[in-house]
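Take a look at the structure set out below.
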C-alpha cells in the first residue's frame, strides 16, 4: 500500500490509544473480539439493507481495531501465539461477513447476477489466499506475497461500497468487485507458484505422512 494508507501512518494514531486502553485494563484479545463482532454486525445489517455508504464506513472504522490490537500487543512487550491465531481467525470471520452482506444486496437488492458472481469469487478466494499461506507455512514451505493481501482487499471493496452508496450508482461497486476478483485469482496462482518453487516442495513424503494427509483430506 501507499505510505498514506500504511500501518506506519495509522500507528501515529493507534499507539497513544493503545496505551490508554492498556492502562484501562483492556487486552489485545478483547479489542480483537470487539472489533470483529462490530464489523460482523455492521456488515450483516447495513449491507443487506442497501446502506452501502454507512456499511462501508462502519466496517472501515472497526477494521482499524485490527491495527489497534497489534499496537496494544507491541506496547505491552509482544503478543501471544493464541492472540495471533485469534486475530487471523477473526479476520476471516469479518471478511466473510462483509462479502456475505454484499452478495445478499447484489442478489436481492440490485438483482445483479454479475455482481453476485464477482462477490462470490472474492469471498472464496479471500479464504483460499489465507489458507494457502497457513498450510504452506505448516509444511515448512513459502507462500508470501501476491498481488492482493487483506489491507488492499478491504480498501478496494469498502471504497466500492462507499462510492456506490454515496452517489447512488452501481458501477463503483461492480468495478471494485471485478477488479478484486481478478486480482484475487492472480494472487492465489502467485502463492501456489511460490509454494511449488519452495525448497523441498516436490520432495516425496514418507508413506506415513502421505497417508495422514490423505486421511485428513477425506474427513467430513
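Cβ from N, Cα, C; glycine included.
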As Swiss-Prot has it, transmembrane segment corresponds, among 2-20, 116-134, to residues 116-134
Among the residue ranges 177-194, 195-212, I'd like the one that Swiss-Prot describes as transmembrane segment.
177-194
Quick one: Cα separation, residue 29 (CDP-1,2-diacyl-sn-glycerol binding site) versus residue 87 (Mg(2+) 1 binding site), in Å?
8
If I restrict to non-local contacts, at least six residues apart, and a C-beta distance under 8 angstroms, what lies near residue 32 (CDP-1,2-diacyl-sn-glycerol binding site) in its own chain?
65, 66, 69, 83, 86, 87, 90
With the cut-off set at 10 Å between Cβ atoms, which of these binding-site residues ends up with the most neighbours? Options: 29, 66, 69, 87, 91.
69
Any chance the transmembrane segment (21-46) and the transmembrane segment (93-110) are in contact, meaning at least three CB pairs closer than 8 A with a sequence separation of 6+?
yes
I'd like to know which of these binding-site residues, 31, 74, is least surrounded, judged by other CB atoms within 10 A.
74
